[in-house]
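Below is one structure, written out as structure tokens; comments come after it.
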């Protein structure tokens, strides 16, 4: 348990949120299904699947937030991710905290 808190503390200090960006999400997949799929690799804190206000459909991409960096590593150890017959495209996101973004824009 102490090791997990140490990893989270390091993540907070570095400003990383341990997110991944997922593209090519099939139209028929919901955020609940994405969260269920990615939970096999670790603890998913959040799945953000944006919708288009005009069409009512999601935009075929999402962000997944995991609890630890190890969870993210587990995702990338698998060669390909296929959901409902479609191969997902994954990219690790080097997010920064809002305070860091604000300082850079000034």
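Each Cβ is built from the backbone N, Cα and C atoms, and glycine gets one as well.
The domain 'RRM' annotation in TrEMBL covers 18-106. Under the heading region 'Disordered', TrEMBL lists 87-106. The feature compositional bias 'Basic residues' is assigned by TrEMBL to 93-106.
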The domain 'RRM' (18-106) - residue tally per DSSP class, helix then strand then coil:
25 helix, 29 strand, 35 coil
Taking every residue in the domain 'RRM' (18-106), what is their average pLDDT?
89
